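For B:20-41, B:61-85, B:97-122, B:142-162, B:191-213, B:225-253, B:274-296, the entry in TrEMBL reads transmembrane segment.
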């Protein structure tokens, strides 16, 4: 883009802002700020608010509520947002079961919903909607990318493990979809389980050459700590959900060496990301997780669309969102036909940081431009 | 399925059982002596784990952390007894359930307010990490063997305390007839505070030990509490011996069920179906065990008040 067009665009944008500012925009955020796994919601909120604060616009009001990971509460809060506060855009939900309880009715009633994390398969396929955008991923993306990566690395008999609930079975299905080979065994654990001695013995007794697991939150912490002292010698792989900065600090040295897939890394080399990581560390005195990055990208996408149209003009605002005209901290970012990202998935390794505590380091690319398999089922 | 795997899983079950015993013995003691249902028992488990994590981080010694965690849970138990529990002895069980449920919320939110919602970092010390060889070529973590040893020591200590000391005699007397021992001039209020603090200390010790194995986080006590209740119902409410047997039974059945049921169904189902059915059934197994035992012995295996 040459200087002249850039200046012209800038001029256009200022006039657009001037008209948009005439009316205030209300954003309702429902996220998990208490109970199990609340650090995910805290990071989404902090990342989101960082971008809003940086934008320094006084026409945006963000209302934040805590769902305590309860679907019924999330549903009540979303009704309040829609009926009493009359929000224009909603966002924030972390868990897929909560998203399923809230999102379909929100978008049907003509409000926009942008997911900063949860990406259940139904909303990417059969139940997709023109007012629903997912700025994070479809749930399978990271698992599928790891399947492809492990295949490419020459592993032949991985052992698969996940909790026995929808996201767990989806995770292993997603992995196998792109792994396309034989697996040593599959094991489903109880959701919320904290003792994995029996499972580790089972893995030891199998003839697997590697382990892939999906155990989000505290489950992953417990598992990795017990794995370290078990004496089983096998490379460990997973999705970023078990290896965010907060989790690996709690796991400690046991996490070192684990390989994980993520659509974002804090040491990803692009301008938007450097500004984000620096800004986040300055504002909150910690390294952001991928949830913070997703919250940040969600806010920046909304801001970019607000520069062009007000949500009251639904068609124009939707079109502006579809263009995804913002510098994502992930580098490349665009929406597929079902308004879910088509994006690169990276590989990270947990290494010992300069302060002696474990941290993630970018290793390479797992898969380029991954798109979910549910897009075909989406009729929009 | 090899014999080695079976042996390893039996030890796993035993280890889970000894940990459950630490939780269940305090719970059953408090119910047996004072007739009090205490849902907040899991909170003392959490207090133990948090204090151990903090004390270990600041002193660098896991043993000091362990002692601090156990002591802190005992103190928390004593304070809670003086402030809240004392008022509940004469109230119906439903009031006790509601009040102690409120305590769970207060402890959880208080902990979150103090330490935030991110989990804390606590690892076993250097000299307890690693694993030792088992007969048959497999290996077993040293730390888990240590938990079994501690559980056995505590069980022996509790037996000696209750059957061979003056305090134990009073506890047994309190179980049978609280009015009478009060009439005999024993300060029953102090006895109750002491028993409650002892129960809390055992829960705190369990939390401290397990904290190094799992994650130290808000709400970590509740899943264990449910298992501990199953244990005391199976063992017979108020019986320490029942708690020990019940804990080992639940530990072994739960561990073996989790692994071998999906494998069993795998013989005549597709792997994913077998995993689904087997895992679901394994989650129900200890409750089925409880139902079967209660069908034959409605008071549990060792009924304290026959």
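Cβ coordinates are placed from backbone N, Cα and C, and glycine is handled just like the others.
Remember, TrEMBL labels are computer predictions, not curated facts.
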Interface present between the transmembrane segment (B:97-122) and the transmembrane segment (B:225-253) (three or more C-beta pairs under 8 A) | no
What same-chain residues lie close to the transmembrane segment (B:61-85): Cβ under 8 Å, and 6 or more beyond its ends?
-> 36, 38, 40, 43-45, 47-55, 99-100, 103, 122, 124-125, 128, 192-193, 196-201, 203-205, 207-209, 211-212
Could you give the residue numbers and ranges of same-chain residues that sit at least 6 residues beyond the transmembrane segment (B:142-162) on either side and whose C-beta is under 8 angstroms from one of its C-beta atoms?
-> 11-12, 14-15, 17-19, 21-22, 25, 124, 128-132, 168, 171-172, 202, 205, 209-210, 212-213, 240, 244
